[in-house]
Amino acid sequence: MAQSKPAYKVADIKLADFGRKEIILAENEMPGLMAMRSKYGPSQPLKGARIAGCLHMTIQTAVLIETLTALGAEVQWSSCNIFSTQDHAAAAIAQTGVPVYAWKGETDEEYEWCIEQTIVFKDGQPLNMILDDGGDLTNLVHAKYPQYLAGIRGLSEETTTGVHNLAKMLAKGDLKVPAINVNDSVTKSKFDNLYGIRESLPDGIKRATDVMLAGKVAVVAGYGDVGKGSAASLKAFGSRVIVTEIDPINALQAAMEGYEVTTLEEAAPKANIIVTTTGCKDIVTGKHFELLPNDAIVCNVGHFDCEIDVKWLNTNATKKDTIKPQVDRYTLKNGRHVILLAEGRLVNLGCATGHPSFVMSNSFTNQVLAQVELWTKFGTPQEYKLGLYVLPKTLDEEVAYLHLAQLGVKLTKLSDEQASYLGVPVAGPYKPDHYRY
Amino acid sequence: MASDMPLVQLPQRGERINVPLVQSRSEDQRLVTSARQTDKIDADDLVALANQLNSARQLVKGRACDRLKQIADQMEQLHMAARAVLEDAQRDEHLHNVPCNMEKQPGRIYHLYQKQGSMNKYFSMLAPNEWGYQEKKEEYLGSYRLEYDRSWTPVGEMDRKDEEVARLQQLLQREGPVALRGNPNF
């Protein structure tokens, strides 16, 4: 470890004022986290917790960090992606005295350095909780600081990728810390993926191209949660949406929602816009590009950038014009043009600013509850033993409940008779664990 | 031909001096003809004139040399200044081309490293003592501040540069109100 560890490392501490203003705006849009503060703030359930966090250092994450500290935790933070830090958010957090090590545009070495700085707290005390997104912090502690594992009460993981990693570690017997999978809370994946993309996809397309969506033929490849959100938002703008699917259940869902469902080969000749959401690879390839009408817009919102064959465009196009960063107009041999957004990477992050605060409040309230669960249950009969868990449904329901008041939602109360008729408790949980929502 | 001719011809050392004299009128035009030939040139007079002329020429030559020397000095200084400007520009250009993942912001200090066993240089936000790894101290090349005109100042020269800027600002503040007195006349 560095003996001269700095108190924080951010791009520019002078951005703190700007960051603070945006944090105040975001707080209004993150009622779940603010409710956690007013509910748990007085009892300080996280007192004594030293949480090392590794998650995109954005404005929304700043509200999460300040919620954790409001609940009594000591927190040190790094970002889980070398480019995802919002420097003003990091500066605002650093100014409150929370050690944060994150800036936009780290090198891979700096990235590791940043994560390492969050492991030992002041006075040489090591971390005793992990909050992770993607598994890098978890892996680093397991590989390089195994001496601290025994003192760690638990970890919570934000994403699919990280959860896969944890499942693999658990199967091999490598996982040494009880873990909660936040990703598979209903209020995370069913909201983030669906409602998040429903707003950030058209935001990305419009910021990049200013195209009129109404009347255009838009093809959405894949009808999972992200595909459903994408199709819904394009339809709401007045686009004529066509869906492609490989799974008969999802294909039928799309058809029943009133979308035309066909193959990309058939849809391509009239597709003004193509959005890939599949999570699979090789969705839009050379033969599709050649069929597209002039100036068709092609973009991706699936996690990885292998859905669109960008390599084919780069080798086969006669010309590539970069209109502005993340917006490239290719001229094909047939004389027509293709507009590619964000180089085939996530268009809602590349051309817009990702998910709005409100939907992130759902995800992050799950994170706070997971941390409180792991920390407070430790040493009690309900203690989480080594394993991979999802939050109990009561907590999932609580997360949703906390977001209702902000929207003016009035919830109907179940009477005792109704409750016994349904066979569920009056206060929930209302659904069995296998319920799909 | 003409280009070989010196622009200005100065007397050379040991050159025979011809004293140019005012041409006398012819005998029949004169009213007075001195019996003692007081209006005729004497050898002594010629020597005196020649001496005077000689020293005048030396002085002219000396003075020209002095003045030329000043210009030469200035040229030398300008040449050196031009060279420094070019070298700075080259260094700035070089530093701007060093691989860097961050968007560089003026006013911030960046640390330059060279990967061991390769020619690859890179900029980092971290100073060598912050890394906590010994190898980073060996890879370290120097630290630079990006200025608002997108030039780079080595950290060692920062104090001098800041003093210079502060002095100029003071000067501007002192002169400012004078220059701004009265509205501009458009």
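Just so it is clear, glycine is given a Cβ too, placed from its N, Cα and C backbone atoms.
According to Swiss-Prot:
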type: BINDING; residues: A:Thr58, A:Asp133, A:Glu158, A:Lys188, A:Asp192; note: substrate binding site
type: BINDING; residues: A:159-161, A:Asn193, A:224-229, A:Glu245, A:301-303, A:Asn348; note: NAD(+) binding site
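Distribution of Swiss-Prot features across the structure.
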| residue | record | DSSP (3 states) |
| --- | --- | --- |
| A:Thr58 | substrate binding site | coil |
| A:Asp133 | substrate binding site | coil |
| A:Glu158 | substrate binding site | coil |
| A:Lys188 | substrate binding site | helix |
| A:Gly224 | NAD(+) binding site | coil |
| A:Glu245 | NAD(+) binding site | coil |
| A:Gly302 | NAD(+) binding site | coil |
| A:Asn348 | NAD(+) binding site | helix |
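The C-beta environment of A:Thr58 (substrate binding site), restricted to residues of the same chain at least 6 apart in sequence and closer than 8 Å, consists of A:Ser84, A:Thr85, A:Gln86, A:Ala89, A:Gly354. Here the Cβ of A:Glu245 (NAD(+) binding site) has 23 other Cβ atoms within 10 Å, regardless of which shown protein chain they belong to. Cα of A:Thr159 (NAD(+) binding site) to Cα of A:Asp192 (substrate binding site): a span of 11 Å.
For the pair formed by A:Gly224 (NAD(+) binding site) and A:Asp192 (substrate binding site), distance between Cα atoms is given as 13 Å, rounded to the nearest Å. Between the CA atoms of A:Gly302 (NAD(+) binding site) and A:Asp192 (substrate binding site) there is a gap of 13 Å, rounded to the nearest whole number. Least crowded of the binding-site residues (A:Asp133, A:Glu158, A:Asp192), judged by neighbouring Cβ atoms within 10 Å of its own Cβ: A:Asp192.
Around A:Asn348 (NAD(+) binding site), the same-chain residues at least 6 positions away in sequence with a Cβ under 8 Å from its Cβ are A:Gly196, A:Ile197, A:Ser200, A:Leu201, A:Asp203, A:Gly204, A:Val301, A:Gly354, A:His355. Nearest neighbour of A:Thr161 (NAD(+) binding site) by Cα distance, taken over the binding-site residues A:Asp133, A:Lys188, A:Asp192: A:Asp133.
Within its own chain, A:Lys188 (substrate binding site) has A:Val182, A:Asn362, A:Ser363, A:Asn366 as residues 6 or more apart in sequence whose C-beta sits under 8 angstroms from its own. The Cβ neighbour count for A:Thr159 (NAD(+) binding site), using a 10 Å radius and every protein chain shown, is 22. Comparing Cβ neighbour counts within 10 Å across the binding-site residues A:Thr161, A:Val226, the minimum falls on A:Thr161.
Taking all protein chains in view, 18 other C-beta atoms sit within 10 angstroms of the C-beta of A:Gly224 (NAD(+) binding site). The distance from the Cα of A:Glu245 (NAD(+) binding site) to the Cα of A:Asp192 (substrate binding site) comes to 21 Å.
A:Val226 (NAD(+) binding site) is 19 Å away from A:Asp133 (substrate binding site) when you measure Cα to Cα. All chains included, 24 other C-beta atoms sit within 10 angstroms of the C-beta of A:Gly302 (NAD(+) binding site). For A:Lys228 (NAD(+) binding site), the count of additional Cβ atoms within 10 Å of its Cβ stands at 22 [all protein chains shown]. In this structure, the CA atom of A:Lys228 (NAD(+) binding site) is 12 Å away from the CA atom of A:Asp192 (substrate binding site).
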